[in-house]
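Before any comments, here is the structure.
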Amino acid sequence: MKREVKKVVLAYSGGLDTSVILKWLQDEYKCEVVTFTADIGQGEEVEPARAKALALGIKPENIFIDDLREEFVKDYVFPMFRANAIYEGEYLLGTSIARPLIAKRQVEIAHLTNADGVSHGATGKGNDQVRFEMGYLSKDSTLTVIAPWREWDLNSREKLLAYAEEHGIQIEKKGKKSPYSMDANLLHISYEGGILEDPNAEPEDSMWLWTTKPEDAPNTPEYITIGYENGDPVSLNGEKLTPATMLETLNKIAGKHGIGRADIVENRYVGMKSRGCYETPGGTIMLKGHRAIESITLDREEAHLKDELMPRYAKLIYNGFWFSPEREMLQAAIDTTQKNVKGSVKLKLYKGSVMVVGRSSEFSLFNPEYCTFEEDAVYDQKDAAGFIKLNALRFIIAGKARKK
């Protein structure tokens, strides 16, 4: 028996899946639907979603289209990059980090419109259902969550198309459809499905939409300088940029040089392994630059502890725990380390690679007087003998005990 819901806020893209969901909610739940379309830099026009929603009977006052690009980068991407977060050593969490923001805004719109439910288009097999719903529940557990993919029998594209045709849902024809399931925002674009379901099959070159094939990238390297303050990139080649403009600009520069591709088999939170290909050009540069500026501004033990915490932090984001107290606790600790992460990093971009070639900071802990290979007057090398002996004391004691 279906729960009674009067008004539902749907995360709506205007595409086939969410347009079918919109109509299905109206028919199955007999409820009023509010559509929410987030512009987080996915590269598609979001206004057509308004026309599609109107055509499906949504009242103009129940259509929300919000530009969240600056908030997305400033309050979600940048904090994540302060942690140098990478899931399972390769994934820069481009999809994972976008879902909490969308979920949060859905709940806010539910409160604005007096809605008593929220809905999303994530399937029952993937991680996104968890990410959306953990966000909903953390912000307002009284809202009814409707996940159509866990309820209906429209479990194929053919069935969705048939439903759309039967109910007069206009689906734009864009020529040959990509064989991949794709998701994009300012941080990345992802590809799943198709031949990628064979982990041994190499995808065709035409799949990659954001980055030049590294072999075809410019034959001349490009040098850029990123300025950092409190761990965040704030300027490019001396020009101050907003967070969203910074990431957008780095995407274009890095993409031209074939930087940021990844082909990964990852462990989903729901238990299965999944293969995905990702392009994260600007994020790849930001991560490299951030680690470089940290290398001269963080204390050794501070940096090492931060690296130990990073996998746990990344796992929390991947699994949908952005709003959890443990993620917020880790974030507070991470942000404390960033107060002196200020300076500039020079990077060399060339045919798919990004290399740090310079770094400087007024808070640099790198002191040439101590680390020089030439003669110095500040470091007595004889002191190293006692340091080594004390550190090896437990080995010495254990060795003597074993000889008894």
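Cβ atoms here come from the backbone N, Cα and C positions, even for glycine.
Under the heading ATP binding site, Swiss-Prot lists Ala11, Tyr12, Ser13, Gly14, Gly15, Leu16, Asp17, Thr18, Ser19, Ala38, Gly121. For the recorded site, Asp17 (ATP binding site), the DSSP three-state label reads helix.
In the three-state DSSP classification, Ser181 (L-citrulline binding site) falls within a strand. According to Swiss-Prot, the feature L-citrulline binding site maps to Tyr91, Ser96, Asn127, Arg131, Ser181, Ser190, Glu266, Tyr278.
Thr123 (L-aspartate binding site) carries neither a helix nor a strand DSSP state and counts as coil. There are 16 other CB atoms within 10 A of the CB of Thr123 (L-aspartate binding site), with all protein chains counted. Per Swiss-Prot, L-aspartate binding site is recorded for Thr123, Asn127, Asp128.
Sorted by the number of other CB atoms within 10 A, the binding-site residues Ser96, Ser190 start with Ser190, the lowest. Burial estimate for the binding-site residues (Ser13, Ser19, Asn127): highest at Ser19, by number of other CB atoms within 10 Å.
Compared over the binding-site residues Tyr91, Tyr278, the count of CB atoms lying within 10 A of a residue's CB peaks at Tyr278.
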